[in-house]
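According to TrEMBL, the protein has these features:
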type: BINDING; residues: 625, 626, 627, 628, 629, 630, 631, 632; note: ATP binding site
type: DOMAIN; residues: 699-715; note: domain 'DNA mismatch repair proteins mutS family'
type: COMPBIAS; residues: 813-830; note: compositional bias 'Acidic residues'
type: REGION; residues: 813-832; note: region 'Disordered'
Ligand code: ADP
């Protein structure tokens, strides 16, 4: 967040002299001193003084000035019609924006128009459609900490645009991080005692009143907004997180009353009911965001799974991927439904077609509930409800329990649909205060007013013919303009024939315009009927909107069922079109035949499928092979197949038997950033620490190169110790890709470990080519030389390399023998003090220059 602007000093100095309008601005700035106030003046939102400079700089709009009796103030404004994109710029620059609207009709104001802050826009509390991605949630998170000894945290997430509201509690800071990574909120508020570093770096931390996290205040918020909601929560920290979030949502809606009614349900979840995918795993498995490779955008897993038809489905799919299940029965229930839809093209495509016409019910009903929906929104709701019977119809023969249950939950809300249809016109205008939005038949008084209006207009329509006949002027015309209203126009040559009772209104070059007392009377009648009808429509519309808002929970339940159906149909489509099979979930080991990487296979014309067998015989596999041979693709593929299965999807393989994994850990990528030096090594080690601490025998651990950020010997030592620990103690499913050839011997020596490898290169026409086929056993130590040969390095050099390699290997063996005798007795050995120096150096803590100095010093001593 940018530093708060506060009220302008220049104005503070002469507060009492300010004009009423500027005084109003100043007061609002004072009240919302942690936000940038946008102040409505007619069709613009204006900012003054420092705020004006910020708006001008950030939104690239002109900085002007306003002058009044008290002085000159810098001013910058943005048009209200396109305010959303400017507000987005301000949010991006780190400001909170308090929107102060005119809340009084300027015509009715005696002095300065009343203004009030109607919302405070923050990154996590957006409701403007233009700023929200349709298929994505936009969460704000709250974290509350325990004051007592036992560390405990309550974590809650709220999407104010959809009403999604979930909460949990966890025991330690790293689990808080995991849950925050899971929901990827746009913004977070933290209670007292909660360290800021629980929040991932891309999330804005917003300051908020500590008092909102107080148990009592939070509890009150909950009972006020969610009847019975507080009882559903398991602990005090959850109550405090949820209550504070509601307080924040209230703050964000500004002074507007009663508009959190759409927050009808709060779902409590237990992280243990879901596979844990922490921030590191999410990123390295590219579940939601592709990593850009050499600047080119890749594809994320969620994208290859997304055949959803509507925004509701896309958000639900993301949620399932965020929280794969660990309950085998729940997984099977989803798989049954997907299986049934995979078999029936008709049901699957029928569903998809119907769901394409479904509007974003969650955001629609939120707008309805907040009193922000227009007539078009209600028609969109109607159009969606209209589809529901057809959606049910496509599921008429559904047999799986899940589909049958969803079918029963598809309530077409006939009452709501009929109410909207009887009230709201079919293609209403966007503006709701100017009439023409309701059907006259909806209300007796409205019908009468519109009838009066129509009769008047009909009378005027027939007036032209009547007056022509009466006056004998064939060119006589009846017209209307905004300033003078209705008139009768007669061209100059015919002015003699104008009757007595015509009253002159306007003289034009070639004609004169007249009114008659009767025309005037009729016109007034039409005008007052229209004005009253328009006002009445607005009132009635608000009534209808409130009535619909009263059914918010039913609409949300329907949205929930539609969202789930959309995801199930999407998963079935992917399965059918990309040759996925139903996995068997709940076995002891991982047994996959012909597995494929769901994302990589889409971008390659021929992907080579590979098997995986990890279980009691061998739960840990060391994978060797040259760069680019397919090691990391293979490891990720094994993880992704499990993630897919546990979210209820079929998997890209010929067959798959899978255990229920509690968590996937990844430690990937050190080889790409060795240049990062010590800090990278620290990151690597802290990731490893997490793995060694938290992995269980039901976890899958992917290690892609370990210990490269330090000297070879201690890197290798660490790698070996980790391998042994994972094998002996943790017993997690482990895939370990490495360049440390020595690790293959370690794997050979362990009872439940095995070696796998990707073979060295064959010469393709354009240089190196791999067959990407995984095989048992370790890669040969000389694959580097093989790759060199395949890449076209001259034969003489390759031959020389082989000789040198053989030499080196022989020497290594000699060295081992020497070490086994006593090195100190050798004449070539280092002097004792030099060896001591060597033993004491801390390589991981040294800069290359320091290392050089030590080396030079040692050399000096040898030369002595
Ligand atoms: P490594 O980890 O061994 O360096 P990668 O897994 O990054 O290798 O794979 C390198 C490239 O090889 C990938 O970008 C991909 O295009 C291709 N590749 C990997 N696995 C396969 C496969 N099974 N079938 C076809 N191409 C593959």
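Cβ atoms are placed via backbone N, Cα and C, with glycine included.
The shown structure was predicted, so the numbers you read here are calculated from the model rather than taken from an experiment.
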How many other Cβ atoms sit within 10 Å of the Cβ of residue 631 (ATP binding site)?
26
Would you list, in sequence order, the residues of this chain other than 625, 626, 627, 628, 629, 630, 631, 632 that have their CB within 8 A of the centroid of the site's CB atoms, where the site is the one recorded for ATP?
737, 758, 770
When you measure from the Cβ of residue 630 (ATP binding site), which residues in the chain that are at least 6 apart have a Cβ under 8 Å away?
608, 610, 758, 770, 772, 774
Look at the binding-site residues 627, 629, 632 and tell me which residue has the greatest number of other C-beta atoms within 10 angstroms of its C-beta.
629
Let me make sure I understand the structure: which of the binding-site residues listed (625, 626) has the fewest other Cβ atoms within 10 A of its Cβ?
626
